[in-house]
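A short write-up of the structure that comes next.
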């Protein structure tokens, strides 16, 4: 028994303080963002009762304090998520975004009286189990002492090849597929957002590391690489916002959310593995376990979204819907995911 306990301690004592900080920040981010969905929705409903609904093009919610509280809560959550990337690897932080779905679902059940189907509860449980699996087997954060080190990682042949493929694919989608298929094929808009998103997260992580080092006394703002990463983030986020809003305006959010989450998270993990070589510091068993945890989270996410439709009493939702086709401006909103809803809010 003593040998078993010692072995367990040896196995898990290696979780660094940075990983723990990143984990706490990521969990805090999910709580704030998950709660912000509910607060904003309450604000939107309250504003819609006394003015023109947002779903009908109204902006009365801008005068509703409750909506602003929701927005501030979401901003706090996004800041915490940004900071989490400075401390922990993307393979740990990104999948935990699914926990905001659970927070939203539970609070919607309690506060908004939106029924949570029994299989939705199972979906929540799968997300929690998958998240715990990833947390327990996540790789250690790479020790970096300068933003120049991050730049060197980003300019290695493997990542340059990945970045070139992503940029080429994005241009092909924008110029060859968006004009003809953007309004009918959901994967076009989501593909652009997910591909660009994987590059934006890598740059966000670089900026987060630079700020962390700067606050610790090693000024990284004097390096042009820091500002180069900043320009990449601005360009990528603006592109994501543009095409994600197009996807949300054309297709049902309950369909967009899980597909976007799967593609964005998968490509982000791939980009992190290539750039930061996360898996080089892990055994094959740890890697397989992480992937099993990720698949478990994906299963829970799909189940939660699918059973929300069942809870609403409909067998299936159409993938493409007319603009603002709901009765009160909220029914088709679904349970949005972290990045998607944040960017959607920014467009208002």
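A Cβ is built for glycine as well, from the same backbone N, Cα and C atoms used for every other residue.
Record features (TrEMBL):
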TRANSMEM  20-39  transmembrane segment
TRANSMEM  60-80  transmembrane segment
TRANSMEM  86-112  transmembrane segment
TRANSMEM  119-139  transmembrane segment
TRANSMEM  159-179  transmembrane segment
TRANSMEM  186-210  transmembrane segment
TRANSMEM  222-243  transmembrane segment
TRANSMEM  255-275  transmembrane segment
REGION    325-348  region 'Disordered'
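Sequence-distant neighbours of the transmembrane segment (255-275) (same chain, 6+ residues past either end, Cβ-Cβ under 8 Å): 89-91, 94-95, 97-98, 153-154, 156, 158-159, 162, 166, 186-187, 190-191, 193-195, 197-199, 201-202, 205, 244, 247-248, 294, 298, 301-302, 305, 317, 319, 334-337, 339-340. Tertiary neighbourhood of the transmembrane segment (222-243): same-chain residues 146-148, 150-151, 170, 189, 192-193, 196-197, 199-200, 203-204, 206-207, 210, 339, 343, 346-347, selected by CB-CB distance under 8 Å and a gap of 6+ residues from either end. Across 60-80, 86-112, 119-139, the stretch most heavily in contact with the transmembrane segment (20-39), judged by Cβ pairs under 8 Å, is 86-112. Panel annotation: around the transmembrane segment (86-112), residues 18-19, 21-23, 25-27, 29-31, 33-35, 37-38, 41-42, 77, 120, 124, 127-128, 130-131, 134-135, 138-142, 201-202, 205, 208-209, 211-212, 261, 264-265, 268-269, 271-273, 276, 278, 290, 293-294, 297, 300-301, 304, 308, 335-339 of the same chain, lying at least six beyond its termini, place a Cβ under 8 Å from a Cβ of the stretch.
Within the same chain, residues 12, 15, 19, 23, 88-89, 91-92, 95-96, 98-99, 101-102, 105-106, 278-279, 281-282, 286, 289-290, 292-308, 310-311 sit at least 6 positions outside the transmembrane segment (119-139) and bring their C-beta atoms closer than 8 Å to a C-beta of that stretch.
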